[in-house]
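Beneath this line is the structure, given in structure tokens, with notes to follow.
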Amino acid sequence: MHSPNKFTSGPKQFLESEAITSYADAAVVVVPIPYEATTSYRKGCEHGPEAVLEASDQLEAYDEELGTSPCHDLGIYTCAPLADSNKHPALAGDAMVTEVCDGIAPFVEDGKFVVAIGGEHAITTGVVRAMQRGTSEPFTVVQIDAHGDMRDKFEGSCHNHACVMRRVLELGLPTLPIAIRAICQEEADLIREKNIPVFWAREMADNPNWINEAIASITTQKVFLTIDMDGFDPGFMPGVGTPEPGGLGWYEGLNFFRRLFQTKQVIGCDLMELAPVRGSVVSEFSTAKLAYKLMGYWGESQRKKL
């Protein structure tokens, strides 16, 4: 394990009202990444991590579904923010990806379960690179998203939030996009060319078996989960950059995530693109609760190995 003195804890800890855990004793590391440079509609996702950490203090430590208190059972450590565009507004995309990768890789190497909170979706390229550095086995990137995010470039940048899954594909990793409901022609052509197994939101709405089909389509045992919060129904998740109609419902999403953790080895996850809405806390609270549910599902999967 890397020396705990190597890492700096953040000014705000996830669920710090319930438990603050040292790096050495924590199984889960929360990584705030308040980076925003390329959002193309509603702005504000650089404020997402801080809002989620603040909202986490309102969560109940006890999870009634799991019958445990994950923050006590696992230990959660929140590191200092990476790639903070609030402090460094000129931080370029390639430099951001490098900083995120170099910052997260030691956590992966130490066997921590990383939960990264953004920030714009372009961040995921750096998170996935860190996962590759920390594991020698192949893994699939499961993508919850309203959009394909598979453009080669957008607005002159290859590290635009609309290009992140194209960069992931270039890393040689299989992907599974879920809840997709908006793509461009370039992305449609790529999906056909690469035979990418997309689960379209309009088809999922009429298919009660989509969870089984989605999990059956994953060809690797290891999985990284990337969640753009606009993958959810904006009726309860309005605080996103582009709130596409439709998307995952709350319990539909939880059912999928729990099954995913039960059947696959989830090596890490991120939650991206939360942009808080002034005068409302529903989006950041729901995101904080989702992050905590994912930690709990991971903990459940670890107990079943014993």
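A Cβ is built for glycine as well, from the same backbone N, Cα and C atoms used for every other residue.
Asp228 is the residue from Asp57, Asp63, Asp228 that Swiss-Prot records in the Mn(2+) 1 site together with His121, Asp145, Asp149. Neighbours of the Mn(2+) 2 site: apart from Asp145, His147, Asp228, Asp230, residues of the same chain with C-beta atoms within 8 angstroms of the site's C-beta centroid are His121, Gln143, Ile144, Ala146, Asp149, Ala179, Ile180, Met229, Gly231, Val240, Thr242, Glu244, Glu273.
Residues near Asp228 (Mn(2+) 1 binding site) in space but far in sequence (CB under 8 A, at least 6 apart, same chain), listed by position: His121, Gln143, Ile144, Asp145, Ala146, His147, Asp149, Val240, Met272, Glu273. In sequence order, Asp145, Ala146, His147, Met237, Val240, Gly241, Thr242, Pro243, Glu244, Gly247, Glu273 constitute the residues six or more apart from Asp230 (Mn(2+) 2 binding site) in its chain with CB-CB distances below 8 Å. Compute the center of the Cβ atoms of His121, Asp145, Asp149, Asp228, which mark the site for Mn(2+) 1; besides them, the chain residues with Cβ within 8 Å of that center are Thr124, Gln143, Ala146, His147, His161, Val164, Met165, Thr226, Asp230, Gly231, Met272, Glu273. The secondary structure of Asp145 (Mn(2+) 1 binding site), as reduced to three states from DSSP, is coil rather than helix or strand. Asp149 (Mn(2+) 1 binding site) counts 27 other C-beta atoms within 10 Å of its own C-beta, drawing on all protein chains shown.
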